[in-house]
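Record features (Swiss-Prot):
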CARBOHYD  Asn18  N-linked glycosylation site
DISULFID  Cys22-Cys58  disulfide bond
CARBOHYD  Asn59  N-linked glycosylation site
DISULFID  Cys128-Cys158  disulfide bond
COILED    185-282  coiled coil
REGION    201-233  region 'Disordered'
Amino acid sequence: MKIFFLFIILLGIIQLSNSSSCNIDIAGDSFDLTPLKKIDGYHKVISDYGDIVYFNFCNTTIDTPCGNSALAYFFDGSTGECHSLGVQEFYSLNSYEEKKTLLINIRGGDIAYDSMVKMLEMFIAFTCDESDDTSEPSLINTMEYGYASVIWTTKYSCAIKTPNVEKKLITNENQNNNNFQFENNEILNEAQSNAFEISNKNEDLNNNNNNNNNNNNNNNNNNNNNNNNNKINSGISFLQRLNQMSQTINNRNEYQQFEEQQNEMQENRAEIVQFNDDIKLIDLEQKQPFYNDDQLMSQTNDDIEFEQDQTNFDTVNDDEIANQINDFMNNFEKTQNLDGDYINQEKIIPNIIMEDTKPNDLTQNFEIENEF
């Protein structure tokens with residue numbers, strides 16, 4: 001009975017340890033992030049502007065000031081608002097560098113309405129440094145392109161070697177030892193034939209060993225420097241790729257905005273051309289004389305009277321004018337009195353010119369003048 005209870009307790013401990021473990025296998029490499037995982041809590045990184053990113057990984061939700069239903073949250077320090085960064089994890093491996101970088105992408109966050117509709121997300125880059133076991137995550141980007149990015153350099157980010165790789169390494173090591181022993185036997189056989197040569201060769205071997213040791217030390221130092229440089233370059237290249245991806249997305253958005261602006265400018269040009277045509281038409285209309293109804297009636301009456309005068313004038317033909325002149329001359333000769341004087345012509349000429357008189361009227365006027 002006691003054994004049964006001990007078995008149940010041991011099984012519960014094993015299940016608890018499995019639930020708290022964080023092992024990731026990808027592309028033939030295995031990573032153990034269990035020491036970095038928060039069982040009761042969350043990781044927090046703060047930007048210089050007061051923005052905060054809360055996160056955890058290995059599909060473990062967190063209880064944060066922003067909520068407890070997502071794997072990561074973003075707190076906007078300028079507005080005081082919280083946004084979910086995602087609820088699902090996706091893994092990828094950067095194998096372009098000597099030391100591989102494990103990338104965890106948390107997706108499915110809140111929807112953001114910017115130049116285009118997209119969902120917020122987060123990237124966590126784990127870079128390997130076998131000598132660092134106390135580092136903390138560093139915030140690289142906070143929602144500039146719709147995602148938050150964190151880089152974490154630690155020894156727990158290094159891939160675990162598989163048994164096949166270890167066996168291969170051991171086999172290579174044994175083969176090297178056999179080759180080394182074979183070479184030593186040849187040297188000993190040659191040394192037995194000539195002691196002087198043995199001693200010189202031993203000295204040469206010692207010198208070579210010293211040189212090899214110095215070279216090994218230099219190589220170790222160079223390897224350490226290269227490892228540090230590779231670690232830095234790995235993180236930098238990863239961030240550069242992220243920025244290139246973001247820049248590509250932004251370039252597409254900017255190109256779409258550029259096309260929209262070009263279309264809008266063409267529409268504005270068409271409106272401007274139409275507006276200029278309307279202005280020219282208005283100017284032409286303003287240059288034409290404008291009359292109201294009274295002015296039009298007055299102008300029309302004046303034109304009618306002028307046409308009537310022209311009609312009356314045209315009805316007097318040349319024969320009538322010649323007859324009037326002959327009558328005038330005949331009457332003028334009769335106006336001479338006994339003293340040989342002539343009646344003032346001004347009294348007769350205006351009547352002929354201003355009035356349409358007949359010869360009988362002229363004779364009547366002449367007789368009236370003589371009576372006075």
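Note that Cβ sites are derived from N, Cα and C of the backbone, with glycine treated the same way.
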Determine, to the nearest whole angstrom, how far the Cα atom of Cys158 (disulfide bond) is from the Cα atom of Asn59 (N-linked glycosylation site).
20
Which value does the mean pLDDT take for the coiled coil (185-282) in this predicted structure?
66
In three-state DSSP terms, the structure that Cys58 (disulfide bond) belongs to:
coil
Restricting to the same chain and to sequence separations of six or more, state which residues have a Cβ under 8 Å from that of Cys58 (disulfide bond).
Cys22, Ile24, Leu33, Lys37, Glu89
Per residue, counting other C-beta atoms within 10 angstroms of the C-beta, which of the disulfide-bonded residues Cys22, Cys128, Cys158 reaches the highest number?
Cys128
Asn59 (N-linked glycosylation site) has how many other Cβ neighbours within 10 Å of its own Cβ?
11
